[in-house]
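According to TrEMBL, the protein has these features:
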- 20-41: transmembrane segment (TRANSMEM)
- 61-84: transmembrane segment (TRANSMEM)
- 96-115: transmembrane segment (TRANSMEM)
- C153-C186: disulfide bond (DISULFID)
- C154-C170: disulfide bond (DISULFID)
Amino acid sequence: MSGKHYKGPEVSCCIKYFIFGFNVIFWFLGIAFLGIGLWAWNEKGVLSNISSITDLGGFDPVWLFLVVGGVMFILGFAGCIGALRENTFLLKFFSVFLGIIFFLELTAGVLAFVFKDWIKDQLYFFINNNIRAYRDDIDLQNLIDFTQEYWQCCGAFGADDWNLNIYFNCTDSNASRERCGVPFSCCTKDPA
C-alpha cells in the first residue's frame, strides 16, 4: 500500500475559477432579484398581511422577480460551491437543472409554435383579466402601461377592451372621471 495514492481526475484551475466567477455573478443577481421582490411586497404591505397574496385580481409582477431570483440563487449557489470545492453532487445538481431549464425552454418554444392559436386565446384572456385589475395594483398598472407604450397598442383587441375595467367602462352607472376613456398609455404620441 505504500506509494499508491488515489489520484482522481484533475480539473483545470482556469475552468474551475471561471465557472466559480460566472456563478458568483448569478448568485448575486439571484439575491438582488429576491431582494427587489421582497422589497416590493413590503412596500405593498403584503409581507405584513400574507393572506393578501391571494387577493390580487391580476398578475403580480413581483412573482416573476421572486421565482427567477429563487432559481438563480439556488443554481448560482450550487454552481459556486460545486466548482470551488469540486463537489460532484452540487455540480451534477447544477448541470441537471440547467439541462432541465434548457429542455423546458425548448419544449415551450415548440409547443408555442404548435399551439399558437390556443396560446393567442390564452394571452388575450390573460390581458383582459389584467385590464380588469388595472387600478388595483400599481405594479400591474405600470407593466400594462409600459407594454402598451412599447408595442403602441391599446388592450388586447383594441380600445373597446377597456370597457371591462370598472373605471373606464362606458355605462351610465359609472361615475368615474375616466368613464368611456382609456389610459394615457393607449394614446399614440404625436411626433410633431
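Residue 1 is the first one shown; counting continues down the chain.
Cβ from N, Cα, C; glycine included.
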Alpha-carbon spacing, C154 (disulfide bond) to C186 (disulfide bond), which is rounded to whole Å: 5
Long-range Cβ environment of C170 (disulfide bond), under 8 Å and at least 6 residues apart: N163, R179, C180
Cβ atoms near C153 (disulfide bond) (within 10 Å, other residues, all chains): 17
Neighbour count (Cβ, 10 Å) for C186 (disulfide bond): 20
